[in-house]
Amino acid sequence: MGAYLSQPNTVKCSGDGVGAPRLPLPYGFSAMQGWRVSMEDAHNCIPELDNETAMFSVYDGHGGEEVALYCAKYLPDIIKDQKAYKEGKLQKALQDAFLAIDAKLTTEEVIKELAQIAGRPTEDEDDKDKVADEDDVDNEEAALLHEEATMTIEELLTRYGQNCQKVPPHTKSGIGTGDEPGPQGLNGEAGPEDPSRETPSQENGPTAKGHTGFSSNSEHGTEAGQISEPGTATGEAGPSCSSASDKLPRVAKSKFFEDSEDESDEVEEEEDDSEECSEDEDGYSSEEAENEEDEDDTEEAEEDDDEEMMVPGMEGKEEPGSDSGTTAVVALIRGKQLIVANAGDSRCVVSEAGKALDMSYDHKPEDEVELARIKNAGGKVTMDGRVNGGLNLSRAIGDHFYKRNKNLPPQEQMISALPDIKVLTLTDDHEFMVIACDGIWNVMSSQEVVDFIQSKISQRDENGELRLLSSIVEELLDQCLAPDTSGDGTGCDNMTCIIICFKPRNTVELQAESGKRKLEEALSTEGAEDTGNSDKKKAKRD
């Protein structure tokens, strides 16, 4: 489920727009970090992708924010660059664009950009750190060797005297055979453990600082927009369990200790030979002991294999785009056509005469079609609905750890970036649509969200003006926010939602007002309009 804050971050990134002149589409959006330690959602609100097309989208990142932000920044242009888009084939263009941006995430240039977004060190920086660490170790070893070279035998015996006593055979087992030996004695036997060489606990995965969104508030223009300011109370945490695992501990061994360890092993082998006779006399052979140890090792290895299967990130690359990814639901509006592409469990819903019409399909690993593809690619779905015990989605952009079957095309991998496409011809019955991440849909159904918005969209504020759409979204986010994190995680996720009206808001305003207007007000308004019209006619005749 990921880590949570002690108190939710309810700071919201919100905005409104009226659409482009040729395609008036009033919209409002809001995004909130909530209980999560970081914000991994992103979105696009682009009223004028081109002269006749608008684009609205939501990306729900996992394992970090980087892939979601990258998609928000580049996917609009990648869609427009597709050959099918230029030919007017929007469905094909969306499918090609999803696969194209997914493929770009494996290139070295994009991986570096993702690492910068995520705040992860690049390979070059890692190499520099390793070289610096090795230099420090070399300097320490040189100083130690120089010091010991100038010491007398008595001083050396004093320093390593505790290691010079012969250990009885029956108490020796296990000494000097550990994976992390301490300083070696003069006779080659292992000394006491050095606290500084204890195996460190597993480090957290790469941190990811949260942002409140990535949007375009411009009413005109085709760029994806700029990154919004981070909200307060942002946190840091490793990748969630759904897509990545903690890093394996790494312990550097100096050559000085390795050489000493080799000498210790030779001495121990000779002593082990002398111990075999005494063990045979007791009726318990070393061969039997070795067989038992082999069986134990086999059982431990099998347990380790199971653990690695449950945490796939341990074997995959720990780099952005491999252990992180994002859902994507993209809606294009051109004329009366609505085309929605979806990969993952974010969702687009249209209100049709007050009824919720799902324009996307949630992709879950346990679904029949998804399960068949996962198994065909060599994967499995665990009882809790996770692919190989990791990701609880079956389609996403990124997550290339799950896309390594070289015998299959990208769309047939365990996790596929190929979106489902739905098309709708808009009519007067279609009032608005909602695009949101699963932070909303896990709490409320499609119909519940439509009903909630329907009850608010005609409300007026204290000045008699229709409510801003963003204020309705903000209220929806607060409605979905869990009071605490004691439950199953419902209401504790990041939340991003966009409302897009298919009609200008002034039309909605007139419809809402007509039911409340008094007869006298209506007559006076009509009289004023007639006077204005007659004046215009006189002016024309003059």
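Placement of Cβ uses the backbone N, Cα and C atoms for every residue, glycine included.
Taken from Swiss-Prot, the feature N-myristoyl glycine covers Gly2, and the record attributes it to similarity to another entry.
As annotated by Swiss-Prot, omega-N-methylarginine applies to Arg22, with the evidence given as similarity to another entry. In the three-state DSSP classification, Arg22 (omega-N-methylarginine) falls within coil.
The average pLDDT for the domain 'PPM-type phosphatase' (26-502) in the predicted structure is 76. Here Swiss-Prot flags 26-502 as domain 'PPM-type phosphatase'.
Summarising the annotation, Swiss-Prot assigns Mn(2+) 1 binding site to Asp60, Gly61. Asp60 (Mn(2+) 1 binding site) is surrounded by 27 other CB atoms, counting those within 10 A of its CB over all protein chains shown.
Using a 10 Å radius centred on the Cβ of Asp438 (Mn(2+) 2 binding site) and all shown protein chains, the other Cβ atoms total 19. Look at Swiss-Prot and you will find Asp60, Asp438, Asp493 tagged as Mn(2+) 2 binding site, backed by similarity to another entry.
Annotation source Swiss-Prot lists region 'Disordered' at 117-136 (among others).
Per Swiss-Prot, phosphothreonine is recorded for Thr122.
Marked as compositional bias 'Acidic residues' by Swiss-Prot: 123-136 (among others).
Annotation comment: Swiss-Prot describes 164-325 (among others) as region 'Disordered'.
Per Swiss-Prot, the feature compositional bias 'Acidic residues' maps to 259-309 (among others).
Residues or ranges marked as N6-acetyllysine in Swiss-Prot: Lys380. Under the DSSP three-state reduction, Lys380 (N6-acetyllysine) is assigned to coil, being neither helix nor strand.
Summarising the annotation, Swiss-Prot assigns region 'Disordered' to 513-542 (among others).
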Given Lys380 (N6-acetyllysine) and Asp438 (Mn(2+) 2 binding site), what distance in Å do their CA atoms have, once rounded to a whole number? 23
Once the chains shown are all counted, how many other Cβ atoms turn up within 10 Å of the Cβ of Gly61 (Mn(2+) 1 binding site)? 32
Report, as a single number, how many Cβ atoms besides its own are within 10 Å of the Cβ of Lys380 (N6-acetyllysine). 14
Neighbour count, 10 Å Cβ-Cβ cut-off, for Arg22 (omega-N-methylarginine): what number do you get? 11
Asp493 (Mn(2+) 2 binding site) versus Gly61 (Mn(2+) 1 binding site) - Cα distance in angstrom: 11
